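Peer 1: Take a look at this one; I'll ask things after.
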Amino acid sequence: MGCLGNSKTEDQRIDEKAQREANKKIEKQLQKERQAYKATHRLLLLGAGESGKSTIVKQMRILHVNGFNAEEKKQKILDIRKNVKDAIVTIISAMSTLTPPVSIANPSNQPRAEYIKSIAPLSDFDYTELDPDLCRTEKCHKCTTRDQRRPIYYLKAGPEPGREDTDPTEPDRSINKLRK
């Protein structure tokens, strides 16, 4: 036993001091995180489906956070390609279900349309085989519902999905929405 009733050894005092210092560091870090959290602006976006909530978030990011990084841009290109494929498949499939049925504007594209229907279940295929011109007619656009209009944008004016050097613009990226 030490002088004046101090029963702690030197090692115990060193351990306690190290624990107090570690506790101080943790408390400082927590304080910084609390301040950062308080300084963060949070916005609750409410609205029905397809009302533009995620588009607003993407536009805010483009305007205030310098847009998307390279990895996110690459992912958006893949998402856009999937949307274009889905749009073409949806339009081609819907053409025969309408009354009266809608025919493909250029009959020489019929074999291509049949081929696209056959590869529709595949998740990975060569996008150069897709021909956006196949579905760029007003007749084809009438085969879509309101919630399918976004892919029509890509068929009309968006980037060519099959081109390797495709680089969608910020508006292309902000209106893109991947359907699961």
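Every residue gets a Cβ built from N, Cα and C, even glycine.
Sharing the feature lines straight out of TrEMBL:
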BINDING   Glu50, Ser51, Gly52, Lys53, Ser54, Thr55  GTP binding site
BINDING   Ser54  Mg(2+) binding site
COMPBIAS  161-180  compositional bias 'Basic and acidic residues'
REGION    151-180  region 'Disordered'
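I'm curious about the neighbourhood of these features; can you describe it?
Peer 2: Within its own chain, Lys53 (GTP binding site) has Leu45, Leu46, Gly47 as residues 6 or more apart in sequence whose C-beta sits under 8 angstroms from its own.
When other Cβ atoms within 10 Å of the Cβ of Ser54 (GTP binding site) are tallied across all protein chains shown, the result is 14.
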Peer 1: What is the total of other Cβ atoms whose distance to the Cβ of Gly52 (GTP binding site) is within 10 Å?
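Peer 2: For Gly52 (GTP binding site), the count of other Cβ atoms within 10 Å is 13.
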Peer 1: Name them in sequence order: residues not among Glu50, Ser51, Gly52, Lys53, Ser54, Thr55 whose Cβ is within 8 Å of the mean position of the Cβ atoms defining the GTP site.
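Peer 2: Neighbours within 8 Å of the Cβ centroid, excluding Glu50, Ser51, Gly52, Lys53, Ser54, Thr55: Leu45, Gly47, Gly49, Ile56.
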Peer 1: Once the chains shown are all counted, how many other Cβ atoms turn up within 10 Å of the Cβ of Glu50 (GTP binding site)?
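Peer 2: That number is 13.
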Peer 1: Which is it, of Ser51, Thr55: the one of these binding-site residues whose Cβ has the most other Cβ atoms within 10 Å?
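Peer 2: Buried the deepest by this measure is Thr55.
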Peer 1: Which secondary structure state does DSSP assign to Lys53 (GTP binding site), in the simple three-class scheme?
Peer 2: helix
